[in-house]
Amino acid sequence: MSADDDKKAAARRALEWVKPGMRLGLGTGSTAEKFVAALGDKVAQGLDVVCVPTSERTAAQAAALSIPLTTLEDTPQLDLTVDGADEVDGALRLIKGGGGALLREKIVAAASTSMLVIADGSKLVDRLGKFPLPVEVVPFGLGATRILVGRALSDCGIDGAPVILRTDTEGAPFVTDGGHYILDCACEAIPDAEALADALVAIPGVVEHGLFLGLCDTVVIGAGGETRVLTA
Ligand code: 5RP
């Protein structure tokens, strides 16, 4: 079984949490994409749901599958968001943003009663931080913000971590759906995720960071052809 099969198994299992009439948040990334595909099949069979996508990419996929879409302006409260993650620890704390959609993902997750994460087994970690932590920043003042992000990391016991501006395939800064840049922080390990989250949001140029703390209540892991469920 490949990681792709495991992602697909987790995505299919997540359909068990979807009930008729639900207002759903749709995540972003290769795992979320598999959930959207599976949801599209159910919608084609008559399932009645309405969804808020977390990226332009997911919006395009869902629209192509004729999944009914709405916005948080028209539907400000959602029942369930299904999304992937880059890391999940034992307390269901997450690192997200590898796909660059962390800001909309966090807004949509926060608007949802429940957040269900789907992932292959490689995403489960003992301690957060091996995956570089994405921090979304405004382009203005980038140089200064980058120094302040490095200082926040040091203040939280993460010394000398490279803070790298994410670039696209042409070497230009990667631009998020919100028009921002991303700094990837190679922490290796995050000793106190809550303290780091607080320190990052206090920096004026930081729009959002990829630590999702206290948002996810259920995780479905696909591994070796099976799925297992972790709950908070
Ligand atoms: C996008 C994300 C993704 O959910 C995360 O990067 C996981 O992606 P994948 O399912 O492709 O491994 O946070 O911003």
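The backbone N, Cα and C atoms fix where each Cβ goes, and this holds for glycine too.
Cβ neighbour count for GLU105 (active site, proton acceptor) (all protein chains, 10 Å cutoff from its Cβ): 32. The active site, proton acceptor annotation in TrEMBL covers GLU105.
As annotated by TrEMBL, substrate binding site applies to THR28, GLY29, SER30, THR31, ASP83, GLY84, ALA85, ASP86, LYS96, GLY97, GLY98, GLY99, LYS123. Sequence-distant neighbours of LYS96 (substrate binding site): residues of the same chain at least 6 apart with a C-beta under 8 Å from its C-beta are ASP83, GLY84, ALA85, ASP86, LEU102, GLU105, LYS106, PRO134, GLY210, PHE212.
Neighbour count (other Cβ atoms within 10 Å of the Cβ, all protein chains): 32 for ASP83 (substrate binding site).
All protein chains shown were included, and the count of other CB atoms within 10 Å of the CB of ALA85 (substrate binding site) stands at 28. A count of other CB atoms within 10 A of each Cβ picks out THR28 as the most crowded of the binding-site residues THR28, SER30. The most crowded of the binding-site residues listed here (GLY98, LYS123) is LYS123, judged by how many other CB atoms sit within 10 Å of its own CB.
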